[in-house]
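Engineer: This is the structure I have questions about; it appears just below.
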Amino acid sequence: MNTQLEAQTLDTLTFDNSFMRELPADPETENYRRQVKRACYSRVQPTKVVQPQMVAYAREVAEKLGFASGICETDDFVQVFSGNRLLPAMDCYATCYGGHQFGSWAGQLGDGRAINLGEIVNHNGERWTLQLKGAGPTPYARMADGFAVLRSSVREFLCSEAMHHLGIPTTRALSLVTTGEQIVRDMFYDGNSRPEPGAVVCRVAQSFTRFGSFQIFAARRETDVLQQLLDYTIRTDFPHLGEPSPDIYLAWFEEVCRRTAEMVVHWMRVGFVHGVMNTDNMSILGLTIDYGPYGWLEGYDPDWTPNTTDAGLHRYCFGKQPQIAYWNLAQLSHAISPLVERAELLKGVLKSYIKEYEYGWQSMMAKKLGLNAFDSETDDELVTELQAILQLAETDITIFFRQLAKIDFELKPMGDVRDVTLPETLMNAFYVPDQLTDDHVVRIGNWIRRYGERVRKDGTLNDKRRRRMNAINPKYVLRNYLAQLAIDKAEQGDNSMVNELLELLRHPYDEQPDKEDYAEKRPDWARHRAGGSMLSCSS
Ligand code: AMP
Ligand code: MG
């Protein structure tokens, strides 16, 4: 990096606030809750806080933004990224969007507690929007207070960085600070409110525009604003598509479908469950956005959802994420249909998601198994049976794939002896090995043999297969209980585990011999603990 071009102080950062410049603003500048019509955003200032303190920052994000090293360690940084001090070039705003929540149209939502500080243009000419989450109420705060608690902010901070290091498109997190304020929350909506430490995360993305950002203008029949936003989005974030026109809108939608499919394939690869796939939580860039009651699969269960609000419907459970993304894309297609001359073409484009997803999922599964390519003739069945055997007994999905990579297969036909024991290395993946009946053992053993035959046909040597598998099957993920342990400590003023997990998750595919504990199965005490596997939207 050319250090000459790095910003040596925050005051020398270059801002170019094109979103505000090019899109219609709410003329009202007072900060009170309201319906905002015919505008993409409202100007609003962060609320000042008493005593901001650094919990953690991501140096890679600071580098990406072009901050000289050391800036993040300054008190000025903490003041700026808690919202206490605005840089002269910052012009703050909250955006207007709507959305479908749990399948029903919810009307105007908007940045209720997220405040954009502006767009930085870094030394490489890249545009990055800085956004404080939890920096106080905005006109879109509805009934809520505009703040965020440390618990949910630790989760957002760590998970967005973890996802990035796993190679998954996501919004990033620059910093996490506590505010010195206490925020009252009823974590499980059961009448047990308690004060919790307040916190602010600075999120970073090229764009925070959501499906719901378009939906709100379609719902209000503000077609001219809808078009302005779409034209702006294409020119700014999809310039390779060319000058906006009805045909380009279709091409744009196709790209959103493709990016969304890619994102969901990644989620399915690592066992990530977003938890609240409402259309306001879907990024048009295909970024994982809005880390709320998300969770990581431990025992493989397609029906699992970490979100207690979704406990009845399981709308957003692991296995349904691909369909829900499709449903959400359908809502986006309805929203932009007034701008597309031949709206029936949108249906065809929407269908492209299904192909993209299927193709992406198959090649991802082939890679997870260390194969050269997915061969439907053999692999449809192989993978279907794999999903079945993973559910015979509670099987840790992360550990399973790392252990599977360790098994050596002979490159000669294996004959058909009926194994009654499983490779020892695999036993570590089962939560309660006693759950395995003899029938289960035979069935799993048979699958391993078939997989071995498939590997042999593939002609890939054990070492090569192992390397391939370990490059796509993480050893370390942000297990739900690990995040909770880090939160427990941070709430006591000890930020060490937040920082330790941040460091651990920078290298999720590597063996880290002194961190083996963090790759272990969830301990039994964590199974039913709040935060361990049950989360609410309260944050
Ligand atoms: P979420 O469930 O986080 O996607 O949020 C849904 C909507 O509620 C968005 O419009 C958020 O901005 C808003 N919201 C969530 N929590 C708060 C809060 N504490 N204060 C203000 N608005 C909030
Ligand atoms: Mg949201």
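Backbone N, Cα and C define each Cβ position, glycine as well.
Relevant sequence annotations retrieved from TrEMBL are reproduced here:
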{"type": "ACT_SITE", "residues": "Asp280", "note": "active site, proton acceptor"}
{"type": "BINDING", "residues": "Gly110, Gly112, Arg113, Lys133, Asp145, Gly146, Arg203, Arg210, Asp290", "note": "ATP binding site"}
{"type": "BINDING", "residues": "Asn281, Asp290", "note": "Mg(2+) binding site"}
Engineer: Using a 10 Å cut-off on CB atoms, tell me which of the recorded positions Asp145, Asp280, Asp290 is the least crowded.
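Structural biologist: Ranked by other Cβ atoms within 10 Å, the recorded positions Asp145, Asp280, Asp290 bottom out at Asp145.
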Engineer: Of all the binding-site residues given, Arg113, Arg203, which residue's CB has the most CB neighbours within 10 A?
Structural biologist: Arg203
Engineer: Out of Gly110, Asn281, which has the highest number of nearby Cβ atoms, where nearby means within 10 Å of its Cβ, if these are the binding-site residues?
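Structural biologist: When each Cβ's neighbours within 10 Å are tallied, Gly110 tops the list.
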Engineer: Between all pairs in Gly110, Gly112, Arg113, Lys133, Asp145, Gly146, Arg203, Arg210, Asp290 (listed as ATP binders), what's the biggest Cα distance, rounded to the nearest Å?
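Structural biologist: Comparing all Cα pairs, the maximum is 22 Å.
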Engineer: Quick one: what's DSSP say for Gly110 (ATP binding site), helix, strand or coil?
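Structural biologist: Assignment for Gly110 (ATP binding site) reads coil.
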Engineer: Quick check: in three-state DSSP terms, what is Arg203 (ATP binding site)?
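Structural biologist: Note: Arg203 (ATP binding site) is in a strand by DSSP.
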Engineer: Quick check: in three-state DSSP terms, what is Asp145 (ATP binding site)?
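Structural biologist: Asp145 (ATP binding site) sits in coil per DSSP, no helix or strand.
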Engineer: Taking the Cα atoms as reference points, how far is Arg113 (ATP binding site) from the residue listed as 'active site, proton acceptor' in Å?
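Structural biologist: Taking the Cα atoms only, Arg113 (ATP binding site) lies 14 Å from the residue listed as 'active site, proton acceptor'.
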Engineer: I'd like to verify something. Among the recorded positions Arg113, Asp145, Asp280, Asn281, which ones have a C-beta closer than 6 angstroms to some atom of ligand 2?
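Structural biologist: Those recorded positions that pass the cut-off, since their Cβ is under 6 Å from ligand 2, are Asp280, Asn281.
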